[in-house]
Amino acid sequence: MVKHKHYRPPGKKKEGNAARYITRSQAVKQLQVSLPLFRKLCILKGVFPREPKKKVKGNHHTYYHLKDVSFIQHEPLLERLREIRAYERKVKKADAKKNRDRANLLRQRRPTYRLDKIILQRYPNFIDALRDLDDCLTMVHLFAALPAIEERIEVKRIHNCRRLSHEWQAYISRTHKLRKVFVSVKGIYYQAEVKGQKVTWLTPHPLQQVLTEDIDFNIMLNFLEFYEALLAFVNCHLYRSINVKYPPILDPRLEALAADLYALSRYFDANSRSAVLDPQASSLSGSGNVESQQIGDSVSESELRLAQLQHQLPSNEPGALMHLVKDVAGEEEEDDDTRECKKLFKDMKFFLNREVYRESLLFVVPAFGGTVSWEGDGAPFEENDESITHQIVDRPMHGRQTLAREYVQPQWVYDCINARIILPTGGYLAGRDPPPHLSPFVDNEAEGYVPDYAETIKQWKTAGRSEVLPLPGVGKEDLEDPQKLLAEGVIDRAKAKEAVEKKKKMMALERQYHDELNKEVHGVPHSSSVSNIDNHISGKETEDKEEFDDDSELAKLSLSRRKRGKLEAAEKGIKRKKDHIDVIRERKRKLKESQKSKEG
């Protein structure tokens, strides 16, 4: 029996990529929504375009998976957005008929929606939300620094972003979870470690932001809407994990003075005292959901409790308000990094001059155990306080200076944080050019180039340690092993290589000494020159290198074309990195020569 070729009539069910992927216009037509609404739903639900292997409709189309589109189609929020769109038509109709009373009434009763269920769908576990928090924090901190513009960015969105960002910073500062800080041209990078997850975000510099016309704010505001809800849930979970009520009730006087971080620090300290006085009131509730009813009921109780505690906490008492190192009942156990960061600026009091970026240092200094104040209303202590140890300035000091304190630039604080030691203040004094600000996010050993100041900091850290003593059961000869000393951080890689070469040479000399003793016993002439050992070692290294090159060429020929291409691309990347390091070293050499010529 002859089998005929399978023929599918036109209009029947499709197969392959044609059945699995549809274009954006087809998805909009299937969902019966407008293109801006489709973009908003994709942002909220986390749906993104796909790249099929074979693009059936052509390369100029955007493709979505059919399951993602059906996932949006069955979302209850879609029907809610359709109702809101129909309601907006009623408002426009009332405005067109010049019925202002009805239009205002409709605007007051405008329907809303919540993103609670969507956040729970996208992040079933709290750790999943922390892993996806980098872009969220960067976007929220960006809008917190933007100016409010009519018909683009509302004032309440800016205030909400500032509130959420300050709540996050207050928690990181209170629990001492900050790990790295780097000031770059783009802004200030921060990295914190929360629940074992590293969270990195970028905050803009405190400059006047200029908004251009080529930015699509509708897309950014859609992302911001989701990120605001996500960060509010994360802050609520983190605050309740340390027995602090959420949302916080702040002192209105400090809020009016733009001292939100200081007000939050007072709120933390007030809650810590209330937890000691009434442990049952600060216990965690069984459900983790954030209900607006429960928050509304607890607001009056929180206000009453805070008002009672305000009389116990003086407004200018720095030890109880800004020095946030007290233990809170129910707080999770601290790890080694947290204990180290907690004691870095211990027993140090900082005062910020008015030209210094206040918000960054108010966030950073308490996170590492220090006490900080500033010039202005609402500050915990004044500039004439004799217990101040460091004054942060960013311009030359021409007035009267106090001998009992150090006048340093803000970079000293950030460099101390990244090095985890108190650096000497000689290079950071007011009016001097500070040392290079090194990035803590760069692995110098992996890059192949270690800056001079990084070597200096490493020497200071090594000198600050006590003498390396052998552990029980470990001999002194184990500490002389260069590989172990390198792993312990006692010596750097260059010194370790020199130690390995010296050890090889000594072993070869010892071997030659034993061979010559045997030859003397048997009456055979021998040569006792050390140059033979050097030639033997260098010849052996050359032979090993040639054998390695031959083996690598043979291995490369045996690879497939695809793997060979990947290997060649990796080799090109290594060579490019090496050339970049050579250029840096050449610039460094020329700079030193020019400095010597100027001095001469």
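Placed from the backbone N, Cα and C atoms, the Cβ positions cover glycine too.
All annotation found in TrEMBL is predicted automatically rather than curated by experts.
What TrEMBL lists as coiled coil is 77-104.
Per TrEMBL, compositional bias 'Polar residues' is recorded for 526-535.
Tertiary neighbourhood of the compositional bias 'Basic and acidic residues' (566-585): same-chain residues 447-449, 556, 559, selected by CB-CB distance under 8 Å and a gap of 6+ residues from either end. Annotated compositional bias 'Basic and acidic residues' per TrEMBL: 566-585, in sequence order.
What TrEMBL lists as domain 'BRCT' is 340-430. Across the range of the domain 'BRCT' (340-430), the DSSP-based residue counts are 26 helix, 15 strand, 50 coil.
Marked as region 'Disordered' by TrEMBL: 522-600.
With a threshold of 8 Å between CB atoms, the same-chain residues lying at least 6 positions outside the coiled coil (77-104) that come near it are 31, 33, 37, 40-41, 44, 110-111, 113, 115, 118. As a whole-number mean, the pLDDT of the domain 'BRCT' (340-430) in this prediction is 88.
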